[in-house]
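As structure tokens, the structure follows; a few thoughts come after it.
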Amino acid sequence: MESQLNEIRATPQGLDKEDSSATPHGGIKDRYGEDTASENQMVTPWVRMVASGVELLRDPRFNKGLAFTEDERDHHYLRGLLPPVHMSQELQVQRIMHNIRQCEDPLDKYVALMELQERNERLFYKVLVDHVTELLPVVYTPTVGEACQKYGIIFRRPHGLYISLKDRGRVLDVLKNWPETSVQVIVVTDGERILGLGDLGLQGMGIPVGKLALYTALGGIRPSACLPITIDVGTNNEELMNDPMYLGLRQKRVTGQAYDDLIEEFMTSVKQAYGEKVLVQFEDFANHNAFRLLAKYASTHLTFNDDIQGTAAVALAGVVAALPLTGGTLADHKFLFNGAGEAGTGIAEIIALEVSKQGKITLDEARKKIWMVDSKGLIVKSRFESLAQFKKDYAHEHKECKDLLEATKALKPSVLIGTSGQRGTFTKEVLEAVASFNKRPIILALSNPTSKSECTAQEAYTHTEGRGIFASGSPFDPVEYKGKTFTPGQSNNAYIFPGVGLGCIISGAIRVHDDMFLAASVALGKILTKEQLDQGMLYPPLENIRDISAHIAASVAEKAYTLGLATRLPQPADLLEYAYSCMYSPAYRSYR
Ligand SMILES: NC(=O)C1=CN([C@@H]2O[C@H](COP(=O)(O)OP(=O)(O)OC[C@H]3O[C@@H](n4cnc5c(N)ncnc54)[C@H](OP(=O)(O)O)[C@@H]3O)[C@@H](O)[C@H]2O)C=CC1
Ligand SMILES: CC(=O)C(=O)O
Ligand SMILES: [Mg+2]
């Protein structure tokens, strides 16, 4: 059977021929070639089976556990395989939450949720949707960071697709092994910069899996359309390479042509497998690859880099939301970044774009309001020659400053943004300095996970005497300071990418344009009510995230139509209503 399949795969008239006839949703028709094969070609005699009995209980897509009705138990041979009671999905959610809350260690909660996803997919998403604020820190940052670090130990079953250097020349075949054919969103990492935790090699897989869980729970993309992928090109993490539990290739990362060739084959193969309109989100690549891969593929594929573009949109929305509290316009502020990589320069660029649009000044003039510190100190003109390309636009005339504190004192910024992945770099002295120049300084400590945050919420409020307007990449609990409770916002691209993805899908976008992220940012900002703004909130509550995603999707789709990048024609009259109508609901379906 296997050799037959291989033969069919290798036959030009077999599966490969069918690749060219992708369905409108990017799926592949006629998987085994039986419809179009001529008499002298081999086909596979396959049958569709209605899942029943134990098979049905073991299929996470269809399993409902104790929620199967009496009729369903009769019709699908389930009698005796389940205890006799019927339990509603709502009660199942309560039971799961009870069990999750019993776990003291967040990693145990993570493992419990992953096991639920493997057992009963709809229940997993229902739990996540109904308890998003409580569970986001478990399936996403910060716990997902720990899960990646301990991936080899907690590994039970594979999630997602693993493409390694061993697969060079047959990446398309690997994609064909994935059971779903109508994939619409891929999140891919090569594991080199996992959150602020550095090179975790193949163990970075937790990130695409987590991001795609959010695509479904927060953005309503159906699970079968989501494909998490890790590209394993080795790791430079010695500790992992010496760890007997490590599951990736035990070799140094390949670079140069060999790396580029594998990525090129991957990018070509995803289009062949899933069509032109499959969205590829690059996630947690190191910056030496992230910028150039984005530049290379943005004009040929429907793709974006979440760390550069998604983060930019969410940070801009936060700063704009803070303006009523600080007074003035965006252009009136001076920005100082600690960290000049993907997140930092991505945010800087979108802010500069917005300032230039609002103030009708050139992009270069707008960039002059933005300063950046990297691991070597303030980025200034005298360092120009030695700077990576993506930093050069921010090398302004100034004397050298060796670190953030010196730069803060010299520049007197009103907005401090941390994207360095370095815990504690917003020191007491830095925070006190920024508070001494501004009535209401804006402080965004965006590095993830919590252990890498530039400062804690407590530090931000304490060292600014409660005047700081603060948000962080990973969540912090509310803080009491001098009898007042401060609730920090979470400035994380999770507010943005699910809606952007949904917007691309509902409009049939063929490319992602920067203006679509600008539209997403504006849409996010608009959702804040006056009351929330008055309370100093920079981001709307996560409880409303599915509404937020629908609004972002509608704005992104509208922008795609305006830019001539949308192919779903005619344009739906009401894009918001259409976005809602396309969103996956995790409620159980009835089986005939
Ligand atoms: N909240 C959110 O939604 C997001 C948060 N992030 C977080 O941002 C952090 C950075 O990510 P990313 O930009 O992609 O990473 P990069 O590796 O691209 O950039 C890191 C930057 O930090 C600089 N840096 C390192 N050490 C110091 C230091 N001691 N002082 C000042 N700067 C320093 C580096 O300097 P040099 O260039 O000299 O090496 C580099 O410019 C991560 O923790 C990540 O989790 C990322 C995306 C989204
Ligand atoms: C949130 C995110 O994408 C990161 O920290 O990398
Ligand atoms: Mg990321």
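Positions of Cβ are set from backbone N, Cα and C atoms, glycine also.
Predicted, not measured: the structure shown is a model, and the values here were computed from it.
In TrEMBL, the (S)-malate site is described by Arg193, Asn448, and among Asn120, Asn237, Asn242, Asn492 the residue recorded at this site is Asn492. Asp307 is the only one of Asp260, Asp307 that TrEMBL places in the divalent metal cation site (with Glu283, Asp284). Comparing CA positions across the recorded positions Tyr140, Lys211, Glu283, Asp284, Asp307, the one lying closest to Arg193 ((S)-malate binding site) turns out to be Asp284.
Among the binding-site residues Arg193, Asp307, Asn492, residues whose Cβ is positioned under 6 Å from ligand 2 are identified as Asp307, Asn492.
Here Asn492 ((S)-malate binding site) comes close to Tyr140, Thr141, Val314, Leu446, Asn448, Gly473, Ser474: these same-chain residues lie at least six apart in sequence, with C-beta atoms under 8 angstroms from its C-beta. A simple Cβ count within 10 Å picks out one of the binding-site residues Glu283, Asp284 as the most packed, and that one is Glu283.
Proximity of the recorded positions Tyr140, Lys211, Asn448 to ligand 3, judged by a Cβ distance under 6 angstroms to any of its atoms, singles out none of them. Taking only the Cα positions, the spacing between Lys211 (active site, proton acceptor) and Asp307 (divalent metal cation binding site) is 12 angstrom.
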